[in-house]
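Here is the structure we will look at, set down as structure tokens.
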Amino acid sequence: MRLLLFLGLLWGAAATSSGPQWPKPMFGRLASPGFPGTYGNNEEQRWTLTAPPGYRLRLYFTHFHLEPSYLCEYDFVKLSSGTKVLATLCGWESTDTEQAPGNTTFYSRGSSLDVTFRSDYSNEKPFTGFEAFYSAEDIDECQAPPGEAPTCDHHCHNYLGGFYCSCRAGYALHQNKRTCSAHSLGEHVLSPHYVLGQPGLTLRESSAWGQGLL
């Protein structure tokens, strides 16, 4: 009986400990308080969106109608990722001094995105706020940003949640898993009559090759 109980516990542990679990789903909807109605004065709400390592957040707006103000100092929606402010949005269309999202899609710089909505103490007329949708998507680490060095020396292979590098024939992957270094001849068995980089020098077939030892 004890053996059966032990085997049952072991089977349960094996079934539930298959690696890190991530809450699903990795998508959702955000909206200002009272949407699709008007939002009130002195409202403030913050959402912290997170994705698994190797993923980023993608967010876009389907409705945006906030009080306009110079540099969005009154009512606004602020998007930030880590210490970087991606955008501060207000109004309902972009002008020289304020930015509205329009059809822009915003992307986090890593696996987290903070969305902050704030309204000031008074609105001259009713505003209906915003509605936005977000989802997590795989980061293609093989696509290096403009002006930055390539992710891998030779070949970069992206997969869901990560990437890996590989090297061309005759090169070995460095311990940093990104750099490729040329093999030295001393590290390899050379085929018969392999021509070295010296004029007129050819490897002769050794007795080991002739005897089938290699």
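Even glycines carry a Cβ here, placed using N, Cα and C.
Feature annotations, reproduced from TrEMBL:
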| type | residues | note |
| --- | --- | --- |
| DOMAIN | 18-137 | domain 'CUB' |
| SIGNAL | 1-15 | signal peptide |
Tally of residues which DSSP labels helix, strand or coil - the domain 'CUB' (18-137): 3 helix, 54 strand, 63 coil
Average model confidence [pLDDT] within the domain 'CUB' (18-137): 92
